[in-house]
Amino acid sequence: MYFNILTLFPEMFNGPLNESMIGRAQENDLLDINIINIRDYASGKHQVTDDAPYGGGAGMVMKVEPVYKAWEDKCRNEKDSSPVILMSPQGRKLNQEIVKDLSAQEGLTVICGHYEGFDDRIRSSIVTDEISIGDYVLTGGELAAMVLIDAVARMIPGVLGDENSVINDSFYNGLLDYPHYTRPRSFKGMEVPEVLLSGNHAEIDKWRQQESLKRTLLRRPDLMEVKTLTAEEIELLEDIKKDLKVKKR
Ligand code: 4FV
């Protein structure tokens, strides 16, 4: 899978995209990441990429030409209709469903903003999708782009050591992940749940499913609202609710 990144701060990507699994995936040619410096396409000796907003107001606006020329030179490809994603607080909120969809693409072009925002003709000329990583304002779109790329890249077969890691992901089945334990068996009087030491995988799976349901019910009831529960999950959830009621008394 390829990622074209249009940014004013190419160096910011060195760390996150060259280390660990994403770094190794590039070495193994599972990922092809092209970082394009928008400033290289800005005209004039000062290579200006922002300007004052028409109609007045605070802050500066990202100019359309440098972004368009960078896309035209490095990303435009008639044969390839891969998404051109603008990272901005006005976008649809990123979640695992969107990540799964995007990971099925041949590649993605991601545009990182700065200043107050983009000249809107960037949206109307080359952008096919707009994504937000959350309802807060960053100094720039780079961190948002890294979050998106990391989440999508780890869905690519071979990027994660063990494919199963993705299947057991939080949100993979619309629920939060169950608690994990590893050695030592006892730490400051805190023991590992017996069932996990039992070797009884049916019991272990059931415990993990219960813990996922309980954690989701308590921490993210909104996820429970939209989740289609299996008959088994509904049954487990009844026991959990009874149990929680008892505990509340
Ligand atoms: C953002 C977000 C974000 C807004 C102004 C960059 C900043 C500056 N991007 N999800 N939240 N972007 O805050 O994606 O251009």
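Glycine residues also receive a Cβ, built from the backbone N, Cα and C atoms like all the rest.
Since this is a predicted model, take the numbers as computed values, not measurements.
Features reported for this protein in TrEMBL:
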- Gly113, Ile133, Gly134, Asp135, Tyr136, Val137, Leu138: S-adenosyl-L-methionine binding site (BINDING)
- 1-225: domain 'tRNA methyltransferase TRMD/TRM10-type' (DOMAIN)
Which of Ile133, Val137, all binding-site residues, has a Cβ with the fewest other Cβ atoms inside 10 Å: Val137
Those binding-site residues in Gly113, Ile133, Asp135 whose CB falls under 6 A of ligand 1, listed in sequence order: Gly113, Ile133
Which of Gly113, Gly134, the listed binding-site residues, has fewest other Cβ atoms within 10 Å: Gly134
Local Cβ density at Tyr136 (S-adenosyl-L-methionine binding site) - other Cβ atoms counted within 10 Å: 7
The one of Asp135, Leu138 whose CB sees the fewest other CB atoms within 10 Å, among these binding-site residues: Asp135
The domain 'tRNA methyltransferase TRMD/TRM10-type' (1-225) [mean pLDDT, rounded to integer]: 93
S-adenosyl-L-methionine binding residues Gly113, Ile133, Gly134, Asp135, Tyr136, Val137, Leu138: largest Cα-Cα distance, in Å and rounded to whole number: 16
